[in-house]
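Here is the structure we will look at, set down as structure tokens.
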């Protein structure tokens, strides 16, 4: 058992504000690691590292899902590195959809600022939770769970998301199955879809195999 004086010294070093740097701005010139980006030298840090101006611009939604995400993650916003948070803007045109997807490394809070969005998630026990959100409404999506957003109403929708990770990660279920090189016979086995359906979806989403 450690002596009490040593325990007190260890505790004070952990709790002391001076025991850690104020920030760790990402050095984007170096490769990322499982722990994130390396820190820039303090002498090279500027105010620009702590400001991101991209969330005020409407993104291009001219794509198959009629939706687009503008991320404010570490790669775009170096000052987030090591702080455990990030943000994003979501634009969804009329009839647009963000398909079922997960963020393996973060929970998400979505706040609608324009239009209406039908949003929901599926729990690990296959319980489904969904609701139409209007301007000012917020919804939380727990880490790792499948979730989606669908535009509702007569106007395009805009929402802003925050995450409890500087890099939440993203995996879109349909793209993983039908936009990848996973062989069609295997896709058919794991989805119970027939060959014609799988080939049609692979053609639409750019898959091979």
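Note that Cβ sites are derived from N, Cα and C of the backbone, with glycine treated the same way.
Straight from TrEMBL, the features:
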SIGNAL    1-20  signal peptide
DISULFID  24-39  disulfide bond
DOMAIN    53-199  domain 'Cupin type-1'
BINDING   101, 103, 108, 147  Mn(2+) binding site
BINDING   103, 108  oxalate binding site
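TrEMBL feature annotations superimposed on the structure.
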| residue | record | CB count, 10 Å |
| --- | --- | --- |
| 24 | disulfide bond | 20 |
| 39 | disulfide bond | 17 |
| 101 | Mn(2+) binding site | 18 |
| 103 | Mn(2+) binding site | 22 |
| 108 | Mn(2+) binding site | 22 |
| 147 | Mn(2+) binding site | 22 |
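On the 0 to 100 pLDDT scale, the domain 'Cupin type-1' (53-199) averages 95 in the predicted structure. The distance from the Cα of residue 108 (Mn(2+) binding site) to the Cα of residue 24 (disulfide bond) comes to 23 Å.
Residue 24 (disulfide bond) and residue 103 (Mn(2+) binding site) have their C-alpha atoms 23 Å apart, to the nearest angstrom. Nearest Cα neighbour of residue 39 (disulfide bond) among the listed binding-site residues (101, 103, 147): 103. The record gives 101, 103, 108, 147 for Mn(2+). Within 8 Å of the mean position of their Cβ atoms, the other Cβ atoms in that chain belong to 102, 121, 141, 145, 146, 168, 170. Taking H, G and I as helix, E and B as strand and the rest as coil, DSSP gives the domain 'Cupin type-1' (53-199) the counts 25 helix, 60 strand, 62 coil.
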